[in-house]
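Sharing a structure with you now.
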Amino acid sequence: MASLFLTIISLLFAAFSSSVVEAAYSNGYTIPKLLPNPIDSCWRRNPYWASNRRALADCAVGFGKSAVGGKYGSIYVVTNPSDDPENPRPGTLRYAVIQSKPLWITFARDMVIVLRNELIMNSYKTIDGRGAKVEIAYGPCITIQHVSHVIIHGISIHDCKPGKSGRVRSSPTHVGSRKGSDGDAIAIFDSSHIWIDHCFFSRCQDGLIDVLHASTAVTISNNYFTQHDKVMLLGHNDNNVEDKIMRVTIAFNHFGPGLIERMPRVRRGYAHVANNRYEKWQMYAIGGSADPTIFSEGNYFVASDDPSKKQVTKRIDSGYDWKRWKWRTSKDVFKNGAYFVPSGYGTVTPLYGRAERFPVSHGSLVPLLTSSAGPLHCYSGRIC
């Protein structure tokens, strides 16, 4: 029965994937009528997206569903790619993200923003790169610390460098002395209701995305990751018991070539890893320590040709305790000898509220579901 089901799924995928993937990569004129990715199907069919950008805030799924970003604020347009960490100018990205009021931040044109120190975000902000090619690169990158309700969509963050010690403004009324940052693309500390969607990540000094210090209610979706060592860290220390509250959804991402480990690496909290594509990790794909709960559902794993690197999972510094950790696989597809080592007993089903739930497809559909991962080519008046 199981083999018959997989055969049917494969035939359906073969029949539809060609035209659908072509549509997804087009210049915005067409899009499949029944786009199965529930986030994209929420907004991408509307050619007038640029007239109602804030509708995107209704489209998240999973634990970060309630992130509203700047939905209830005004539109702010970045016109100036320069940066001053202490006294940012109006028109710059930093001037927008430090404001106390909600803002939906867009970009007047294509730009590469080289930050002079870490970009510290305030609550209720959306960075929306649709309609422009926006890169944050070659300097320190983004810090989300002690805040809530942040959406980052449609930008490229790459080649991030450590931030130096110095004074950095975090609000209109506060400038603080910072000790420096690690060189992550996005570092999330003690924050909640965060959604990172349709971004590109690569080649940073430290991690690409870190979710730390009891951060929770986070969704990381539709992103493209490539050419990096330590990709995604959920909890930075086994002794941080507060990370037990961490709830993170990782869905519809493409973990592409040149990645080594941590897709993600989890401590103590809960990770729902659903409908992601993994290509030839060089150490492991999903790892953890300190008794995290991990539910791998409907993913597509392609192992490297190295016979020593076929296992998807890795328990780190665990002794024999790992056998009771709840790590499960369901509806996953394993290619080129890839395999997942499950453990533990009891349910691992994510405790989503009604609005947070989303359909998770069989792993055989993941190449289709993730075909538009990364920033989209969006033009006003056309379907993205």
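Using N, Cα and C of the backbone, Cβ positions are placed for all residues, glycine too.
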Quick one: which of ASP182, ASP238, ASP243 does Swiss-Prot put in the Ca(2+) site with ASP206, ASP210?
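Checking ASP182, ASP238, ASP243 against Swiss-Prot: the Ca(2+) site match is ASP182.
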Round to a whole number and give the Cα-to-Cα distance in Å for the pair ASP206 (Ca(2+) binding site) and ARG262 (active site).
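About 12 Å separates the two Cα atoms.
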Least buried of the binding-site residues ASP182, ASP210, going by other Cβ atoms within 10 Å?
ASP182
Relative to the Cβ of ARG262 (active site), which residues of the same chain, six or more apart in sequence, are found under 8 Å away?
GLY207, LYS230, VAL231, MET232, LEU233, GLY287
Three states by DSSP: which one describes ARG262 (active site)?
coil
